[in-house]
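J.: According to TrEMBL, the protein has these features:
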- 5-170: domain 'EngA-type G' (DOMAIN)
- 11-18, 58-62, 123-126: GTP 1 binding site (BINDING)
- 178-351: domain 'EngA-type G' (DOMAIN)
- 184-191, 231-235, 296-299: GTP 2 binding site (BINDING)
- 435-446: compositional bias 'Polar residues' (COMPBIAS)
- 435-480: region 'Disordered' (REGION)
- 455-480: compositional bias 'Basic and acidic residues' (COMPBIAS)
Amino acid sequence: MSIKPVVALIGRPNVGKSTLFNQFTKSRQALVADLSGLTRDRQYGDATYEDKSFIVVDTGGIGEADDGSGNIDDYMSEQSHTAIHEADIIVFVVDARAGMIGADAEIGKFLHTLGKPVYVVANKVDGAHDAAPAEFYALGLGEPYPMAASHGRGVGNLLEVLTADMPTQENVVEPKGLKLAIIGRPNVGKSTLVNRLLGEDRVVVFDMPGTTRDSIYIPYTREGRDYVLIDTAGVRRRGRIDEKVEKFSVIKTLQAIDDSNVTVIVIDAQEGIVDQDLHMIGYALDAGRALVVAINKWDGLTADQKNYIKIEMDRRFNFISYVKVHQISALHGTGVGNLYPSILRAYQSSMFEVSTNRLTQILQDAVAANPPPTVAGRRIKLRFAHIGGHNPPVIVIHGNQTSSLPKSYQRYLENQFRQVFKLEGTPLNVIFKQNDNPYANKSDTPTKAKAQQLRQRERNRAQKFTTKDKPRFPNKDKKR
């Protein structure tokens, strides 16, 4: 497992960044983080090209002054600035139809100061003259890549170059242990919880090559088990983190989730459960990561407030009923020790092993207790099951007409597996494989070979009838 590189899309408004974002992420449904007030609706998504994955960020349009003048910092949003500095690769999108204007030149000057790979994309060439992309050579950022993102033209060429230049992780020596990511919105108490989890142990802090600058991996040992805490909270000062200077980074959060075995999401009880919390939970589940929820600052609530939050948890966490939720106080340490058993159970559940015979027996018991429905008068048959993967666990079920199995019955089987194997805190993927009928969709019309066989059979039958009256042993009487 390795950290995914980050590709930031930068450029003026309406040059086609969002279209290119959608082209990049079409290999997998785009994961959009709608974080109002923090990112001004920036988009963050996963992209995959030829088995190489990366995070792509649409930084939004960088505005320009009315007269086209002004320093880049005058019209770049703070979040765009942060995303650009955290990215490994920059894709500078310009409008080939409009040609190069002052804002493009200012952005180009800024990109020269970063010391990062920059690729200029001359978009909308479908409505421009052939020589239009050449104008952007003046930026001094190399050859512009002509593209018509709305039609997908030129996207493959760019992806091939981008993935070829991405930082390789093959030679990175990663620390051993259960990788534990602590994520959450700003000021929910992540820093306090990190320090509480680490206790007074002396730890080695180092930056992983290829990661963003503030992602810190902290190896430590607790009760004989090795852990690696992935810290996204900010810059560490003498082993501790100052909560006041913590800055939220969606990129670091997504990377930490992707690289973890178990993710702990910290939620502020005093602010309640908000949409941002659910977005991060959703990303962790989509990434297949085991999950534990920590409701922090619980001791600061009144009895009525606690009852209200419990009602909210029942309502808003109904889609993660298998995830353990803890009420803690990171500041005072209340309930923090209970996190570790849940973390271990979630990890063990995500890596669980079982034999095909045992899994098939559980499947047969579930089917016997509640048979699947009939389709066109024929009952769906589920024959056997086996493990298909880990982290998250994957169970593959084989049978006939499985494509017609209702979602409700699929959930029933998933719940049966969860109950029997006591799977806690991990997503479970149940995949249904349909056994093909070798006689399905075959025509009743005899093939040429079949027709020849039938004719030969008729000839043999006719020959048998014509020789019926002949002596059975014709040469017997000739012996003299």
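For all residues, glycine too, the Cβ spot is worked out from N, Cα and C.
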J.: Enter the number of other CB atoms within 10 angstroms of the CB of THR59 (GTP 1 binding site).
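T.: Taking every protein chain into account, the count is 25.
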J.: Taking Cα atoms as reference points, which of the binding-site residues GLY184, ASN187, LYS190, TRP298 is nearest to ASN14 (GTP 1 binding site)?
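T.: So, spelling it out, the nearest of the binding-site residues is GLY184.
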J.: Around the C-beta of ASN14 (GTP 1 binding site), how many further C-beta atoms are within 10 angstroms, looking at every protein chain?
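T.: That number is 11.
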J.: Quick one: what's DSSP say for GLY184 (GTP 2 binding site), helix, strand or coil?
T.: strand
J.: What mean pLDDT score does the domain 'EngA-type G' (5-170) have in the model?
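T.: Taking every residue in the domain 'EngA-type G' (5-170) and averaging pLDDT yields 76.
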J.: In terms of DSSP three-state secondary structure, what is the assignment for LYS190 (GTP 2 binding site)?
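T.: Helix, per DSSP.
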J.: Work out how many Å separate GLY184 (GTP 2 binding site) and THR59 (GTP 1 binding site) at their Cα atoms, rounded off.
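T.: That separation, Cα to Cα, works out to 21 Å.
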J.: Distance between LYS17 (GTP 1 binding site) and ASN187 (GTP 2 binding site) at the Cα atoms, whole Å?
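T.: Distance between the two Cα atoms comes out at 32 Å.
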J.: Secondary structure at THR59 (GTP 1 binding site) (DSSP, helix/strand/coil)?
T.: coil
J.: Find the shortest Cα-Cα separation between GLY11 (GTP 1 binding site) and the binding-site residues ASN187, LYS190, TRP298, and name the residue that gives it.
T.: ASN187
